[in-house]
Amino acid sequence: MNQILRDKKFYKTMLSIALPVALQNLISSSLNMVDTVMIQRLGDSHLAAVGMANQFFFLFVLLLFGINSGASIFVSQFWGKKDILNIRRVLGISLITGGALSIIFMSGALFTPRFIMGIFTEDIKVIGLGQKYLTIVGFSYIVTAISFSYGFSSRSIGQAKTPMIVSALSLATNTLLNYGLIFGNFGFPMLGIRGAAIATLISRTLEVLLLTGTIYINKGVLAGKINEMIDISKQFVIRFFKTTMPVILNEAFWSLGITMYFIAYGRIGTEAFAAVQIANTIQNMFMVVSMGLGNACAVMIGNEIGAENEEKAIQYAKKYSILAPAVGVILGLSLFLLSPFILRLFNTSPHMYQNAYRTLIVISIFMSFKMFNTVLVVGILRGGGDTKYSLFLEMGSVWGVGVPLAFIGALYWRLPIYLVVALVSIEEVVKSSIGIPRIISKKWVRNVVRHL
């Protein structure tokens, strides 16, 4: 433990990656909370509608996360070898794959929004509101896919500041436009839920223009020409998807599992769903540290494995395994103490306030497990190239534990929302218990770029 605390080089490298990622996520979560507060002013039905519509986007984003997390394994290990040409080839594959996925999801949002909303609720008013939102925001999916590819690759080569700054500007724009377009401020028309969708579309388009513009103007590592990014051999594609497909499936099944949780929450009632929406928005502000640590862990471990320094990668994994749950305890306690004050920002009924508050208490109790699991899956297993095991781990815990408990609690036992969330959170404990022996075994260390 003392050795971990004294390793200044470890912390310097970690913070150079983790801090920009954490700040980017903090800005995102903070402004999303402001957006949630604004939308909630329109009423619980509007908040539930946007929340349910965004579950469809959440599924899309997590699939993008899978594609680009898999790509990041290669980018970080190629960066350890300083192989720029192959980094650009990986970027090309992620752009093509993400672009194809975005077209599929955009088609769903534009042509079958009523069906999508009907999965989550039977409330006709909520379905109608969500339909209005999806048919506008669906156009933003393509630019989101492009931003993900360049943003993830930037972080994998240790350049995390640019995505952070661009994301901050984009999200600030989104918040200002929301304030203008939802309520009719700054001379804009009052468009309500449509205004929220338009603001999102504009801000995401701005993000991709700023990010790609910065990369290509500076002629950085990722400023590849089209012919460089599509100069991909069959062997290269096969090797890429052999490693990446388990990550994509991991995110697909995990995100579908989370979507199933929200379907269960929605069956409890619109107010219960809205309470969870508020609790999750607040939780995300505290979980930004886990994403920072997870990304830093993946990049540091991937760089060392790519540079053939496997023992150093193993030492990094041990340090992160101790650091993550310790930070989780601190954040959980902070969430527990601050929840009553943060909830006062929301215009809720006394009953919804109680549900949201109790849900946050449950979340704070399991925060340490969540923190460790993020570093375990995103950082150690994926950074080390052990993608098949991470797929097994996520699928087993979410679908074998979380989803059954969500529906048993919501539909069979008819428990209040916060107790259903508590049942679902048991899967985090199961995941940690199965993951620890894998770290100790060192079987997760896999060099995926050695013969490329």
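Even glycines carry a Cβ here, placed using N, Cα and C.
Caution: TrEMBL annotation is automatic and unverified by curators.
Taken from TrEMBL, the feature transmembrane segment applies to 56-79 (among others).
What TrEMBL records for 91-113 (among others) is transmembrane segment.
Cβ atoms under 8 Å from those of the transmembrane segment (133-152) belong to residues 49-50, 53, 56-57, 60-61, 64-65, 67-69, 71-72, 75, 91, 94-95, 98-99, 101-103, 105-106, 108-110, 113, 116-117, 163, 167, 193-194, 196-198, 200-201, 204-205, 207-208, 211-212, 215, 222 of the same chain, restricted to positions at least 6 beyond its ends. Residues or ranges marked as transmembrane segment in TrEMBL: 133-152 (among others).
Per TrEMBL, the feature transmembrane segment maps to 164-188 (among others). Away from its own ends, the transmembrane segment (164-188) comes close to residues 20-21, 23-24, 27-28, 31-32, 34-35, 38-39, 41-42, 151, 194-196, 198-200, 202-204, 206-207, 210-211, 214 of its chain (Cβ-Cβ under 8 Å, at least six residues beyond either end).
Per TrEMBL, the feature transmembrane segment maps to 247-265 (among others).
Nonlocal intrachain contacts for the transmembrane segment (285-302), taken as residues 6+ away from its ends with a CB within less than 8 angstroms of a stretch CB, comprise 13-15, 17-23, 25-26, 28-30, 33, 69, 72-73, 75-77, 79-80, 155-156, 158, 160, 313, 316-317, 320, 323-324, 327-328, 331, 334-335, 367, 370-371, 374-375, 377-380, 382-385. Annotation comment: TrEMBL describes 285-302 (among others) as transmembrane segment.
For 322-343 (among others), the entry in TrEMBL reads transmembrane segment.
What TrEMBL lists as transmembrane segment is 355-379 (among others).
Taken from TrEMBL, the feature transmembrane segment applies to 391-411 (among others).
By the count of Cβ pairs under 8 Å, the stretch nearest in packing to the transmembrane segment (91-113) among 56-79, 247-265, 391-411 is 56-79. Below 8 angstroms of C-beta separation, residues 86-87, 90-91, 93-94, 97-98, 101-102, 105, 108-109, 116, 134, 137, 141, 144-145, 148-149, 151-153, 155-158, 221, 240, 243-252, 254-256, 258-259, 298-299, 301-303, 305-306, 378, 382-383, 385, 387, 447-449, 452 of the same chain, each at least six residues beyond the ends of the transmembrane segment (56-79), sit close to that stretch.
Remote same-chain partners of the transmembrane segment (355-379), defined as residues 6 or more beyond its termini with a Cβ less than 8 Å from a stretch Cβ, comprise 69, 250, 271-272, 275-276, 278-279, 282-283, 286-287, 289-291, 293-298, 301, 317, 320-321, 323-325, 327-329, 331-333, 335-336, 339-340, 343, 346, 348, 390, 393-394, 416-419, 421-422, 425, 428-429, 431-432, 435, 439.
Here the transmembrane segment (391-411) has Cβ contacts under 8 Å with residues 246-247, 249-250, 253-254, 257-258, 260-261, 264-265, 267-268, 376-377, 381, 419-420, 423-424, 426-428, 430-431, 434-435, 438 of the same chain, all six or more residues outside its ends.
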